[in-house]
Amino acid sequence: VKAKTATIGFLEVLPVGKGVLEIKFRGILNDQMAGFYRSQYTDSSGVKRHLATTQFEAIDARRCFPCWDEPARKAEFIVTLIYPANLTAISNMPPSRAEVRPDGKRCETFMKTPKMSTYLLAFCIGEFEFISGQTKGGTLARIYACPGNLARCGFALDCCIRALDFYNEFFGIPYPLPKVDMIAIPDFSAGAMENWGLITYREVALLCDEKTVSATQKQRICSVITHELAHQWFGNLVTMEWWEDLWLNEGFANWMQTFAADELFPEWQIWESYVGTEQQRALQLDALRSSHPIQVPIKHAEEVEEVFDAISYCKGGSVVRMLYAVLGQELFQAGLRLYFKRHQFGNTETTDLWNAWSEVSGKPIDQMMGSWTNQMGFPLVEVTNDPLADGSGQVEVKQKWFLADGSIQPGDDAKVWFCPMLVGTDKGVAPVAFLEQKTGKIDCGTVAKGASMLKINFGQHFPVRVLYPASLFDRLVKNIKALPAEDRIGLLADTFACTKAGAQDPAFLVELLGGFKEEVNDKVWSELGAVLGGLDKVVCQGLDAETAKAFKIFAGKLVSPAFAKVGWDTLPSDSDNQKKLRSTVVSALSKYCCSDPAVVAEAAKRLKAFVAAPNDSASLAADIRPAVLDIALSGEGAEAAFDALLAAHAVVKDGAVKTNIYGALGHVGTAALRKRALEFCLSGEVRSQDLMYIPMSMATNGKDGAEAVFSWIQAEFGRLYEMVGSTSMMLFSSFVRISGAGFVTEERAQEVSDFWKSKDIISKVEKALAQTVESINSNSKFVARLKASKASQASTWASA
């Protein structure tokens, strides 16, 4: 059982040739969101109902039936389900025959699947409703949900059909199944699962009222749908040979989801979001020594859960984006089409993809990409001259391994990346050049002549950090408004990371932040919020109270002009991007201006309207709902607001609203309310898949919150592991990260390490723990660097 294998003995020697093995077996319909399991929901009459569904990736098909449960062991499947006749059953393929048995149950057999991996098999049985449509090629598309949700299926169906049409044309191989079903499951451990022809989702990742949904959730739903549909080719039609090439599935889908969403909704300018979210997640995790290469050895299938992370997804996607920028769409697309044509219904390794692109481009793709997939980390590209001042027309650069804490160990200097370089100025963009050695020169051509500023990694197409000399940095700050949004995001993220690592004086970061006082781009503001949040944690915990107060006032001065432009209320003319800007700015308002009497009063008024009718989407606009609830629970009247939100939670139907409530419960400001919030988390009122939201919010809401959460995790470890760890170690590892998310001292890093290492399950969360501890220690070093700089003085922030 421990090895998850079975040995079958036969009474006589089997003859050579093909045979049929028939196995009778029994199993349990479990409640662990893995294998073949049961999910629960409450119907419109308040009655609790159940449905049965599956989740097999990575190694849980074996929980349901005996099989060779490995991605390369592909097979064709015929599924037969026997179930109560009043229910509905769906699987990967359409039904081929059905009958009602004498006992009144329905016996339904589904068409044979294409040759595919075990982890992609799926079936669901329950009371479902659906809406449907067809692609241009005639593929049936349906969105399924529990009863009462049909009105929230329309946006998903539109995205599904349009994305499938786009992929059919782009990939050059039509979607091979006769239908694609998407279904929202109430209890679901992941965000979604790409089962071939029957894609399963969390409800919040598929369902929404298009008229009232927040712009953020709307874009998230589109991206999840385009991600899962990309898997129908990259992962399902062509599958990695073994889990060490997981990134072939997830990295490509991570990039493709944005490529397709941009095709469907160009007005979103979603590549700006990619730079600020996916690319930054990759760079933040991969800047740790405890990271891992994109291609990581997996000796046992059980290890794969630890690499369903930002490296496989976000760094993988960032590397694909880099290659697309180098090859251009025509060659990139031709390589993909060759890859799919050559390997459809089969298994591949990374080299097979490189070979396809090499054949169509004539370029040594394997040599170019090996340094990005076979070794962990990424380079810091340092500019060592100012070509706008010296008139050379060449940028002199050098590369080295970038580490978040700025540490140096013997052997670090051996790493070199084959690094594409793109130089842009206010006069234009130079052709792509390559830095193949530790140092090099990049010819700027004519774009440097008469230019007033120059930026490396123009467009943020490559997953690197960039460090500038003071003169070039000053030019960028003075011309910040002239930079495209992607480059403003990149400059801000690079400067913060370089400051934290000790590569740049904090004074440069303070200067740069001051240049964003008139910023009105929603994605840039999202990055501003992330940088201010990172500073807030170390400044408020590591520096004196006067400096912390001055920093918050400075942050408030950044927020106020933007808030004056967006206000509280949604206007009929607002684009989705304007709604996202309001959401981000009001969220920053809740953090840095929550003591303003006018802000507190307005939030209290809006909270009152919300709790009076929590299921009425008009009671509080979805885009500002998280911030309003946060403000209401962070000051006076918090206890009454807390009780009101618990009452609202009991009747709320929309999972997105519940998630907002969980976030707000983590923002309470007293020990008594923190205790109540954490007790509520384990009260049985919160689904297992959502248990991390309250402690995650609390741990990142100041020192007291971080202390309370760590103590709670220590005290409740057994219950948490039983409720989450027995279901998904990937989900449970989030509690390892949460336990140290708010700390900034080496002492706390050691305590977190000691606690988790004392547990029997440490081997299953070792990587998550190493990354958590390293992140805490990195923050500790950042505090020390701030203390040694002018950023430790209140006057620095007051004059910025």
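Each residue, glycine too, has its Cβ placed from N, Cα and C.
Note: TrEMBL annotation is automatic and uncurated.
As the structure is a computational prediction, the values presented were derived from the model and not from experiment.
TrEMBL names His227, His231 as Zn(2+) ligands; from the candidate set Glu203, Glu210, Glu250, Glu263, the record adds Glu250 to that same site. Fewest Cβ neighbours within 10 Å among the binding-site residues His227, His231: this applies to His231. Straight-line distance linking the Cα atoms of Tyr313 (site 'Transition state stabilizer') and Glu228 (active site, proton acceptor), rounded to a whole number, equals 13 Å.
Each residue in Glu194, Glu228, Ala230, Phe234, Gly235, Asn249, Phe252, Ala253, Asn254, Met256, Gln257, Tyr313 lies on the same chain as His227, His231, Glu250 and has a C-beta within 8 Å of the C-beta centroid of that Zn(2+) site, without being one of the site residues.
Summarising the environment of Glu250 (Zn(2+) binding site), the number of other Cβ atoms within 10 Å of its Cβ, over all protein chains shown, is 26. Mean predicted confidence for the domain 'ERAP1-like C-terminal' (454-777): the pLDDT average there is 96. For Glu228 (active site, proton acceptor), other Cβ atoms within 10 Å of its Cβ number 27.
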